[in-house]
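Participant: These came from TrEMBL, pasted as-is:
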type    : residues                                                                   : note
BINDING : Gly31, Ser32, Gly33, Lys34, Gly35, Thr36, Arg144, Lys187                   : ATP binding site
BINDING : Arg57, Lys78, Ile79, Val80, Gly105, Phe106, Pro107, Arg108, Arg148, Arg159 : ribonucleoside 5'-phosphate binding site
BINDING : Asn112                                                                     : CMP binding site
Amino acid sequence: MGTVVDSANQGAGSLPTNKKVTVIFVLGGPGSGKGTQCTNIVENFGYTHLSAGDLLRAEIKSGSENGTMISNMIKEGKIVPSEVTIKLLQRAIQENGNDKFLIDGFPRNEENRAAFELVTGIEPEFVLFFDCPEEEMERRLLGRNQGREDDNIDTIRKRFKVYMESSLPVIEYYNSKGKVRKIDAAKPVGEVFEAVKAVFAPAHEKVAA
């Protein structure tokens, strides 16, 4: 494990490799509104938002050897190995001055989850799960794509199916450990954030005190 942290730490100054961090996994289906709520949490509670997808895209854009490999895998329709995404997340955590992180859209499946804990030695403080009925997520996604409903509905339903099959076991695993904080994400944005605040405020006050 040391080698991963060390390589992730190169060029990051004298950051401690044993940095103590708080990690919260943010999960929810496409259209559940988790991106909007992550922005609110960052602004109100001082977390750093890390999106696994954004980190992969940034690595591809950087033109690094790693980025080229990721790009080729995506073009070939292959799934990027957990270790690759985890190393990017780990490097982002090491290089950031903050010690509180929201990891959005990861772990996508049980294998991601087990690998993350094994490689980083970090267990999430809790999992913030934006629970939203499929019909509502579908309505929101179609609302974003005016005029393209016909060709989008099948794609959207496929995304839901993949999400349900892969992410739910992760949520069930953490639920069995009492770590899931479920938010009713079908409500309007403001009401959803009130529920989110209720989850974060006690932990935030504890730190402040």
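Just so you know, glycine gets a Cβ as well, placed from its N, Cα and C.
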Participant: Counting Cβ atoms within 10 Å across all protein chains shown, which of the binding-site residues Gly31, Pro107 comes out on top?
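Facilitator: Ranked by Cβ atoms within 10 Å, first place goes to Pro107.
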Participant: Rank the binding-site residues Ser32, Thr36, Asn112 by the number of other Cβ atoms within 10 Å of each Cβ, and give the residue at the low end.
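Facilitator: The binding-site residues Ser32, Thr36, Asn112 were compared, and Thr36 has the fewest Cβ atoms within 10 Å.
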Participant: Could you tell me which of these binding-site residues, Gly33, Gly35, Gly105, has the fewest other Cβ atoms within 10 Å of its Cβ?
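Facilitator: Per-residue Cβ counts within 10 Å for the binding-site residues Gly33, Gly35, Gly105 bottom out at Gly35.
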Participant: Round to the nearest Å and give the CA-to-CA distance linking Arg144 (ATP binding site) with Gly105 (ribonucleoside 5'-phosphate binding site).
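Facilitator: A Cα-Cα distance of 20 Å.
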Participant: Largest pairwise Cα distance, Å, within the listed ATP binders Gly31, Ser32, Gly33, Lys34, Gly35, Thr36, Arg144, Lys187?
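Facilitator: Max Cα-Cα spread across the ATP binders: 18 Å.
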Participant: Would you pick out, from the binding-site residues Lys34, Arg57, Arg144, Lys187, the residue whose Cβ has the largest number of other Cβ atoms within 10 Å?
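Facilitator: Result for the most crowded candidate: Lys34.
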Participant: Counting only residues 6+ apart in the same chain, whose Cβ is under 8 Å from the Cβ of Ile79 (ribonucleoside 5'-phosphate binding site)?
Facilitator: Met73
Participant: For Lys187 (ATP binding site) and Arg57 (ribonucleoside 5'-phosphate binding site), what Cα-Cα distance in Å is obtained after rounding to a whole number?
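Facilitator: Their Cα atoms are separated by 31 Å.
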Participant: Of Arg57, Gly105, Asn112, which is closest to Thr36 (ATP binding site) if I measure between C-alpha atoms? They're all binding-site residues.
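Facilitator: Closest candidate to Thr36 (ATP binding site), judged by Cα separation, is Gly105.
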Participant: To the nearest whole angstrom, what is the C-alpha distance linking Arg57 (ribonucleoside 5'-phosphate binding site) and the residue listed as 'CMP binding site'?
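Facilitator: One finds 18 Å between the Cα atoms of these residues.
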Participant: Between Gly31 (ATP binding site) and Gly105 (ribonucleoside 5'-phosphate binding site), what is the CA-CA distance rounded to a whole number of Å?
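Facilitator: Spelling it out, the Cα of Gly31 (ATP binding site) and the Cα of Gly105 (ribonucleoside 5'-phosphate binding site) are 12 Å apart.
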